[in-house]
Every structure is written in structure tokens, then in C-alpha cells.
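Visitor: Quick paste of what TrEMBL says about this protein:
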DOMAIN    72-129  domain 'Potassium channel'
DOMAIN    165-242  domain 'Potassium channel'
CARBOHYD  N68  N-linked glycosylation site
SIGNAL    1-21  signal peptide
TRANSMEM  75-93  transmembrane segment
TRANSMEM  105-127  transmembrane segment
TRANSMEM  155-177  transmembrane segment
TRANSMEM  189-206  transmembrane segment
TRANSMEM  218-242  transmembrane segment
Amino acid sequence: MFFYLLIGAIVFVRIEKPVETIEMDAYLEFRQEWTKRLLTNGFTEEEIDSLFANIRDASLAGVWMQNNVTSETNWNFWQAFFFAGTLISTVGYGHVSPRTPTGKLFTIIYCIIGIPLTLALLSALAVRFRQPSVWLRSKMNTYFGQMFHAKHIQLIHLASISLLVLILAFIIPSLLFVSIEDDWTFLDAFYYCFISLTTIGLGEYTPGDKPGQPFKSLYKFMITVYLILGLCCMMLFLATLYDIPQFNLARFFLTKSDSDDEGKPIHNIQNGGPKYMKYDEEETLSMDGRTPFTAINSYYQ
């Protein structure tokens, strides 16, 4: 994992540093030009530094002005609703954050309660989403069981779910965002969807922040709904992926004692949660007496 981090650091430096250097040079040129103009109009160096610092602080706080029109407040009801959604979904874009001690304290308490509730909701919704996936897998076993090995059927099932999630959670929303956000390319929109649904939440792209955007309240509400449903789709994809033992990468980080503990059956699963079982390569017959499947396939029966 440390080696993987090193690779990421090297690649990002090679890709992003030249662009940052160009932008920094452009900013320095801009700063020097305006410093000269302001000095000739009676401003001091300290006043100029304070001016640029105030502009930077206002920008970081999400407050800006264009054509003498101040940006809309970050704390109207629907903006706050969207902010609350990014908190409990752990997306957390960071472009808006509490500025007061009371707001920061409430954020901590709100997340302590809200994040577990959201995880419970996502788990319940993922179970509902999984039912059609289980039905699809059983149909694949029925129709393709005599033609393909069980492992191959698992891969076909994974490819089907992956394609469905890609279309519903990424491609279609990206096309919608491109049609609504004038300055977004398809790559920008797809990048936003990926960063959001993986809960990375860098925050450089945030839909619905342009002043004067029509139906902004409804737009913010629908984005919040999209985040919740999109996270459910991601959970469905991961559950399908890790149902295949060969793709369960956790085994590379487990010791033998961990594997032995993992193989022990977990009783009392009445209240939900994933079904854990020890995987083995011994093939048995499915309930219809025809289709071979490994232990993992019994989950779908």
C-alpha cells in the first residue's frame, strides 16, 4: 500500500506541478501589475497585502462578488439542507463550512448521530437494491449453468451490475449535469459524480452554486437524493464484487489467524448485516440439481 501511495505521489507531481507553476506565475504577474497601480494611487504595501488577504479569505468562505452583485448566501434553507446531506453521507465537499464555534460544535454532534443513521439507511436500501441482483444471478444460473462454470457466471453477473451502475449512477447524471451547468464538460461532470459517490468530496466542483440559477432549491434537493441513491448503487457494486473470492483483496492483508477467524460462521444474523462464510473451491450442485456453484454461490439461492 505504501508503494502504491508513492506511485500516486510521483504521478500527481508530474502531471499537476507544471500547471500549478504556470498558474502561480500568472498570479504573480497579476499581483505585481495591480500592486503598481495601487501604489501610484496612494495605497501602501501593507494596505495592498491586507486587500488581497481579505479577498482570499472571502473566497475561501464562499463569499464573492461579480458585476457588483454579491453571491447568494451559503446558509439559506436549501443550501443548508444540501450541506447537511454532504455531512451525513460523509461526502463533505468543504466549499462551505461552519464559521462559528456553535456551528462547529453542532456539526460534531449532528454527525455523531447522523452518520450511523445514514449508514443504516444505506444498508437497508442496498438490501432492497440487491434483491433484483439476486434474481438476475439466479436466472443466469438457470440459463447458463450448463454452458459456463460458476466462476464465469459470477464474472458475467459482476459485469452486468457494473454496467448498470455505470449508466445509472455516472453516465446519465453526468449528461444531466452538463446540460444544467454551462461551464462543465462531460469529464468535469463524470469527475464530480465519481468524487462524490466514492465520498472523496474534494469540493472543486459543486453543482447549483451559480447565482440566479433557476429552480435552485429543487436542484439542491435532487442532488442530495442523487447522492443517497448513488451511494446505494456503489454499495451494491462492492457487495457484488466482494462476493467473488478472487476479487476480495482483503485476503492479501490478512494473516492466517485472521483467515481462520473469518471462516467461523457468524450466528444470530437475525438483525441483518452481511452473511459471512468460509469460501472453498469445492463445487457442489445448486438447488435445481444441475448448476455447479461454489460456496459463495449459495448466497444467491
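Cβ atoms here come from the backbone N, Cα and C positions, even for glycine.
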Visitor: Going along the chain, which residues at least six beyond the ends of the transmembrane segment (189-206) come within the CB cut-off of under 8 Å?
Guide: 86, 89-95, 169-171, 173-175, 177-178, 181, 227, 230-231, 233-234
Visitor: Compare 105-127, 155-177, 218-242 by their Cβ pairs under 8 Å to the transmembrane segment (75-93) and return the stretch that comes out on top.
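Guide: Maximum Cβ contact count belongs to 218-242.
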Visitor: Can you name the far-off residues of the same chain, 6+ from the ends of the transmembrane segment (105-127), with a Cβ under 8 Å from a Cβ of it?
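Guide: Apart from its flanks, the transmembrane segment (105-127) reaches 84, 87-90, 98, 228-229, 231-232, 235-236, 239, 272-273.
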Visitor: Are there residues at least six beyond either end of the transmembrane segment (218-242) with Cβ under 8 Å to its Cβ atoms? List them, or say none.
Guide: 78-79, 81-82, 85-86, 89, 91, 118, 121-123, 125-126, 129-130, 133, 157-158, 161-162, 165, 168-169, 173, 180, 193, 196-199, 207-208, 248, 250, 274
Visitor: Could you please provide the mean pLDDT value for the domain 'Potassium channel' (165-242)?
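Guide: Residues in the domain 'Potassium channel' (165-242) carry a mean pLDDT of 91 in this prediction.
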Visitor: For the domain 'Potassium channel' (165-242), jot down how many residues DSSP puts in helix, in strand and in coil.
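Guide: Across the domain 'Potassium channel' (165-242), DSSP assigns the residues as follows: 55 helix, 0 strand, 23 coil.
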